[in-house]
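Here TrEMBL flags 1-137 as domain 'FAD-binding PCMH-type'.
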Amino acid sequence: MSTLGGICISTQQIIGDPVLREQDFVCSVKPSTTRIALNDAIKNSGLFFPVDPGADASVCGMVATSASGTNAIRYGTMKENVVNLEVVLADGTIIDTKGKGRCPRKSSAGFNFTELFVGSEGTLGIITEATVKVHPRPQFLSAAVCSFPTVHEAASTVVEVLQWNIPVARIELLDTVQIQACNSYSSLNLRESPTLFIEFHGSNEKEVADQTSAVEDICKSHEALDFDSGASPDKRATLWKARHNAYYAALAMRTGARGFTTDVCVPISKLADVISETRSDLDEHEILGTVVGHVGDGNFHVILPTIEEDKTEHRKIQSFSDRLVRRALAADGTCTGEHGIGLGKRKYLREELGENTVRLMHTIKHALDPNNIMNPGKVLPEL
C-alpha cells in the first residue's frame with residue numbers, strides 16, 4: 001500500500017534460471033524465483049535452501065523483508081544466508097554489494113552493503129539478483145511432538161535445549177488455543193495443551209537418535225505430558241503443514257474474520273516470562289488469539305481473528321499489540337523479529353534504536369534516495 005501515491009514496480013518478469021555454484025555452496029537467483037522453485041532447481045545436487053517463511057515467496061523479496069522461518073534456529077535467517085546482491089538504486093545506478101559475481105565465504109573489504117539492503121523493505125533500492133547460501137540436505141530426519149501443562153514450561157524447555165547446545169533444526173511452540181485450531185482445521189488429534197513441534201537433522205541415524213534422547217530428557221524435566229518421537233515422513237509432513245497453516249487455522253475459529261498478526265522477539269532468557277505474560281494478557285482482556293512461534297530464536301507471533309468493521313474491537317486489539325511491543329522492548333527485545341516495520345511499527349523505532357540511530361537512517365535514506373521515491377513513508381519514523 002502506498003501512502004503517497006506513485007507507481008508500483010513489479011520485478012516478476014525479471015526471469016532467469018538459478019545459477020548454482022555447487023562447490024561454493026551458493027546459488028544466484030532472479031526476482032521471479034521463489035524458494036520452492038529454487039529448491040526444485042537444485043534438488044539433484046544434494047543441497048537445499050533452508051529459509052522457510054511458510055509462503056512460497058520470491059527469494060529476492062525474502063531478502064528485502066529479511067525473512068525468517070522455522071529452520072532459522074539451525075540455518076539462520078535471510079541475513080545470515082545472503083552472500084551478494086545486485087541492486088538498482090533510485091537514480092538507476094546498478095551495484096553489486098560484494099562485487100560482480102563474487103561469493104567469498106567471508107570478507108572485510110569495504111562497507112557491508114549487503115546487510116544494509118537486507119530488510120530494507122524497498123526503501124533503499126530494488127533487488128534484481130540475490131546470491132544466497134545453500135546447505136547440504138540432511139541425510140536423516142526425525143520429529144517429535146511434546147505437550148506441557150503450561151506455556152511457561154514449554155518455553156523454559158526451549159531455553160534449556162539451547163543452553164545444552166543441542167543442534168535442533170526446528171523447535172516451534174503452539175499454545176493451547178492454537179493447538180485447538182490446528183486440530184479442527186488440519187484434522188489432527190493432538191493433546192490440547194501448549195505443545196512443541198521439534199525436528200532433528202543429522203548425517204547418520206545415531207546422531208539424530210542422540211539429539212532426540214537428549215531433548216526428551218529435558219522435556220521430562222519440565223513436566224512434559226508426553227513425548228511422541230520417530231514420526232514417519234508422512235506424519236512429519238502433516239505436522240509441518242499444520243504448523244504452516246496455523247494462520248488459516250486461527251482464522252477458521254471465527255466466521256468472517258480477518259487476520260491481525262504481530263510478532264516480537266526477545267532474548268532467550270526472557271522468552272518464557274514474556275510468552276506467559278502475553279497469553280495472560282489475551283485471556284485477561286478476553287481477546288481471541290493464538291500464540292505461535294519460532295521460539296528457538298526468541299521470536300513468537302500472535303494471530304488475532306478479528307472483525308475489521310468492529311471499531312471497538314479494533315481499538316482493543318491495537319491496545320493489546322502496543323502492550324506486547326512495550327513488553328518486548330522492556331525485556332531488551334525488538335518490536336519485530338521478522339514481520340518488519342512497514343507502517344504499523346514505525347512509531348516504536350525511536351524507542352528501540354534511539355534518536356541518533358534514527359537520524360542516521362534518514363541520512364542514509366537521503367543519500368541513496370534524495371527524492372524519496374523508493375517506498376516512501378515506510379520504515380523510517382518522522383524526524
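Sequential numbering from 1, following the chain as shown.
Positions of Cβ are set from backbone N, Cα and C atoms, glycine also.
Model, not experiment: these values are computed from the prediction.
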- Message: Considering every residue in the domain 'FAD-binding PCMH-type' (1-137), what is the mean pLDDT value?
- Response: 94
- Message: As a quick check of your reading of DSSP, tell me how many residues in the domain 'FAD-binding PCMH-type' (1-137) are helical, how many are strand and how many are coil.
- Response: 34 helix, 31 strand, 72 coil
